[in-house]
Amino acid sequence: MPKAKGKTRRQKFGYNVNRKRLNRNARRKAAPRIECSHIRHAWDHTKSVRQNLAEMGLAMDPNKAVPLRKKKVKAMEVDTEERPRDLVRKPYVVNDLEAEASLPEKKGNTLSRDLIDYVRYMVENHGEDYKAMARDEKNYYQDTPKQIRNKINVYKRFYPTEWQAFIDSLQSKKMEVD
């Protein structure tokens, strides 16, 4: 197939263009990804941020949502008519957010599998003898007896039920051997 007629020029690099500003402006103009899934699914891209949040029953500006009372000016009963509230068209968003906020928070901090195995090995082989644990060949990081004791205490604090089950299993093993 023949080529389309016309001038074909190679692309020239625009030296006078500020790439940093160009990228910054492109990032600023690009719509951000909304992290909250409830808000993201109810979002209407044809409307402004203020309109979207008003439809969901959320406030864009917290200062305007809950205005502070003026101390000096006392309004008369005639002036204190209820302001017409914006119509909340998507109340399920607020309900979902409230339900999610009422859930208990997950424990984010856990111990590494290596540390758990290390503590279990040391207690299984040496019991409460921290000096023997410090001399053990599996003590790769050359922890002192106090450091080992602290690691064991951390394990006890993080996993109390597992620790109790582990100690019970050790005692049952000792009884079988005796």
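From the backbone N, Cα and C atoms, a Cβ is placed for every residue, glycine too.
Copied from Swiss-Prot, the annotated features are:
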type     : residues : note
CROSSLNK : K74      : SUMO2 cross-link
MOD_RES  : T8       : phosphothreonine
MOD_RES  : K90      : N6-acetyllysine
MOD_RES  : T144     : phosphothreonine
REGION   : 1-30     : region 'Disordered'
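Shown here: features listed in Swiss-Prot, placed on the structure.
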residue : record           : CB count, 10 Å
T8      : phosphothreonine : 7
K90     : N6-acetyllysine  : 20
T144    : phosphothreonine : 13
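Of the recorded residues, T8 (phosphothreonine) and K90 (N6-acetyllysine) place their C-alpha atoms 54 Å from one another.
The CA atom of the residue listed as 'N6-acetyllysine' is located 60 Å away from the CA atom of T144 (phosphothreonine). Under DSSP, the residues of the region 'Disordered' (1-30) split into helix, strand and coil as follows: 11 helix, 0 strand, 19 coil.
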